[in-house]
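Undergrad: Quick one: this structure, given as structure tokens, is what I'll be asking you about.
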Amino acid sequence: MGFQIAIDGPAASGKSTIAKLLAEKLGFDHLNTGATYRAVAVYLHEKGLSSSSAEEEIENVLKDLKIDYVNGRVYINGEDYTEKIQSPEAGVLASNFARLEVVRRHLVRIQREICDDKNIVVEGRDIGTVVLPNAHLKIFLTASLEARVERKLKEYQKRGLKVTKEEVERELISRDEQDSKRNVAPLKPAEDAVIIDTTSMSVEEVLDRILKLVRERMNT
């Protein structure tokens, strides 16, 4: 078994930035589980399905699904979905489908297969509680809504997407509510997670703190 690091937290808390940099620093693999959920959600949507579709219909589509995550790009049945999952709509679709037990069951199995026997940094919303409950280090990142809105807005603007601050705030509030209140694997810190509030911390400060924790765990 490799050394597994779980990083959880709400949208725009800094998970992706930190997880990617941490993996690079350590020479570990990196998995963004949110990207796998968005890709599957977009794929199901393209197949004409919604979160209110019959479970059997969704099961039939998912049972033979193949997901690959390579160098930050996500592939479904060999097709690159990376660009398709960048829109706010993809995030909303992902939150809707992620509430379904049938979707989470398939994705958790696939995510565990990707992580098996690897030194890996895995980011998401239920990594420390569901996907990798025995991870060597569990981190839960959080930040104020205001800070997260600013980060998400900059991210969208960098991609050339025209969205207002109000739209981003509504999106995050909606996603927070869905993520924390869903019946299956709600967003919450694992009991043994280290909680880090990134509101007033720089990326370097967060990274340094986690690297220190990694070194401590590796030496015990």
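Glycine is treated like the rest: Cβ placed from N, Cα and C.
Quick paste from Swiss-Prot:
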- GLY9, PRO10, ALA11, ALA12, SER13, GLY14, LYS15, SER16, THR17: ATP binding site (BINDING)
Undergrad: Would you mind checking how many other C-beta atoms are within 10 angstroms of the C-beta on ALA11 (ATP binding site)?
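TA: Around the Cβ of ALA11 (ATP binding site), 22 other Cβ atoms lie within 10 Å.
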Undergrad: Other residues with Cβ within 8 Å of the Cβ centroid of GLY9, PRO10, ALA11, ALA12, SER13, GLY14, LYS15, SER16, THR17 at the ATP site?
TA: ILE18, GLU123, LEU141, ALA143, ARG148, ARG151, THR198
Undergrad: Under a three-state reduction of DSSP output, how is ALA11 (ATP binding site) classified: helix, strand, or coil?
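TA: Going by the DSSP assignment, ALA11 (ATP binding site) belongs to neither helix nor strand, so it counts as coil.
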Undergrad: How many other Cβ atoms are found within 10 Å of the Cβ atom of THR17 (ATP binding site), counting all protein chains shown?
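TA: The Cβ of THR17 (ATP binding site) has 18 Cβ neighbours within 10 Å.
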Undergrad: Name, in the order they occur in the sequence, the residues of the same chain whose CB lies under 8 A from the CB of SER13 (ATP binding site) and which sit 6 or more residues away.
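TA: Once residues fewer than 6 apart are set aside, SER13 (ATP binding site) is near LEU141, THR142, ALA143, ARG148, THR198.
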